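S.K.: Below, the features straight out of Swiss-Prot:
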type     : residues                                                             : note
BINDING  : G11, A12, A13, G14, Q15, I16, A17, D42, N105, Q112, V129, G130, N131 : NAD(+) binding site
BINDING  : R92, R98, N131, R162                                                 : substrate binding site
MOD_RES  : K110                                                                 : N6-succinyllysine
MOD_RES  : K118                                                                 : N6-acetyllysine
MOD_RES  : K121                                                                 : N6-acetyllysine
ACT_SITE : H187                                                                 : active site, proton acceptor
MOD_RES  : K214                                                                 : N6-succinyllysine
MOD_RES  : S217                                                                 : phosphoserine
MOD_RES  : R230                                                                 : omega-N-methylarginine
MOD_RES  : S241                                                                 : phosphoserine
MOD_RES  : K298                                                                 : N6-succinyllysine
MOD_RES  : K298                                                                 : N6-acetyllysine
MOD_RES  : K318                                                                 : N6-succinyllysine
MOD_RES  : S332                                                                 : phosphoserine
MOD_RES  : S333                                                                 : phosphoserine
Amino acid sequence: MSEPIRVLVTGAAGQIAYSLLYSIGNGSVFGKDQPIILVLLDITPMMGVLDGVLMELQDCALPLLQDVIATDKEEIAFKDLDVAVLVGSMPRREGMERKDLLKANVKIFKSQGTALEKYAKKSVKVIVVGNPANTNCLTASKSAPSIPKENFSCLTRLDHNRAKSQIALKLGVTADDVKNVIIWGNHSSTQYPDVNHAKVKLQGKEVGVYEALKDDSWLKGEFITTVQQRGAAVIKARKLSSAMSAAKAIADHIRDIWFGTPEGEFVSMGVISDGNSYGVPDDLLYSFPVVIKNKTWKFVEGLPINDFSREKMDLTAKELTEEKETAFEFLSSA
């Protein structure tokens, strides 16, 4: 057995964490021979609920779980971390301006970034899920200057998986038969789900998605809006936000960081844009296609970008630039 790793999940009393913690504990994220010390952080009013989650994790009798620690204190939660999954954030309440939401979250993610800087290992991998995820991730990274910015990523894998499954449903294949869809930009309704480079396996052969579907108007219209608005559609139907699918996407995202991406496949994640070759301004936390090896991601280079894509990629970059500017105004005063 290897040495145990310390993994933190914040917002640990919430819906997404409830669906995620079992996957982490049973070895399907970090492997079946990797012992784990699982740290659960939430705000003080949630400690009663968190206690129940702690009891359930103990009752799962998972052989890889060496210890489970539930706390409301950052200095305990962030100590010596190998991985931090930042799920907790201030949810948007009815009638709340996006600006107010940003302000509340800048405070949270500045504090958590500072705690990472102070207590965590410098090699820690940080995955931000709490919305607005891209800007929250950038805020945390800026607040932890001695941790490499490449170690910070945010979740756009849920959008990526949604795009894959929409294509699969349309073609009557399984999601596994579809690969190399891309989510560009912000995890918001300006994101751009791009299948210009995606492939689908049909009768044992790999075919481009555009060629396989022969339905450009659907691919440039309804497909994009369905993926962009899927989160809202789930809330409308379920009266709660996506939890099971979000937890599955987080597990996919972390597993790929840990073990690398399969040969010939790339995935989408929000990462720092510095040095990209797609004309996205530097110093944004933007979703790109990446490949991962030895726990290090690299941009997928050299994909041709048509005018339709360019416009959509620029639009979401513009939104992220505005979010960043608003957040940084608050950051200096937070």
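Cβ coordinates come from backbone N, Cα and C, glycine included.
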S.K.: Greatest CA-CA distance (Å) over the residues R92, R98, N131, R162 that the record ties to substrate?
M.R.: 24
S.K.: Check the recorded positions Q15, N105, S217, S241, S332 for other C-beta atoms within 10 angstroms of each C-beta and report the one with the most.
M.R.: N105
S.K.: Spatially speaking, which of the modified residues S217, R230, S241, K298, S333 is closest to N105 (NAD(+) binding site)? Use C-alpha to C-alpha, please.
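M.R.: That would be S333, the closest of S217, R230, S241, K298, S333 to N105 (NAD(+) binding site).
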S.K.: Whole-number answer please: how many Å between the C-alpha atoms of K110 (N6-succinyllysine) and S217 (phosphoserine)?
M.R.: 43
S.K.: Out of the recorded positions K118, N131, H187, K214, give me the one sitting nearest to R92 (substrate binding site) by CA distance.
M.R.: N131
S.K.: Between the modified residues K121, R230, K318, whose Cβ has more other Cβ atoms within 10 Å than any of the rest?
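M.R.: That would be R230, with the highest Cβ count within 10 Å.
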S.K.: For R98 (substrate binding site) and S241 (phosphoserine), what Cα-Cα distance in Å is obtained after rounding to a whole number?
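M.R.: Each residue's Cα considered, R98 (substrate binding site) and S241 (phosphoserine) end up 17 Å apart.
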S.K.: Report the nearest neighbour of K121 (N6-acetyllysine) in space among the recorded positions A13, N131, S217, K298, comparing Cα positions.
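M.R.: Of the recorded positions A13, N131, S217, K298, K298 has its Cα closest to that of K121 (N6-acetyllysine).
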S.K.: Does V129 (NAD(+) binding site) have same-chain partners at least 6 apart in sequence with Cβ under 8 Å from its own Cβ, and which are they?
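M.R.: Listed in sequence order: I16, V85, L86, V87, S89, C154, L155, A246, I250.
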S.K.: In sequence order, which same-chain residues at least six apart have a C-beta under 8 angstroms from the residue listed as 'active site, proton acceptor'?
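M.R.: Set apart from the residue listed as 'active site, proton acceptor' by at least 6 residues yet with Cβ under 8 Å, we have N131, P132, A133, N134, C154, L155, T156, D159, G270, S287.
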S.K.: Among the recorded positions G11, R230, K318, report those whose Cα falls within 10 Å of that of R162 (substrate binding site); none is a fine answer.
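M.R.: Passing the 10 Å Cα cut: R230.
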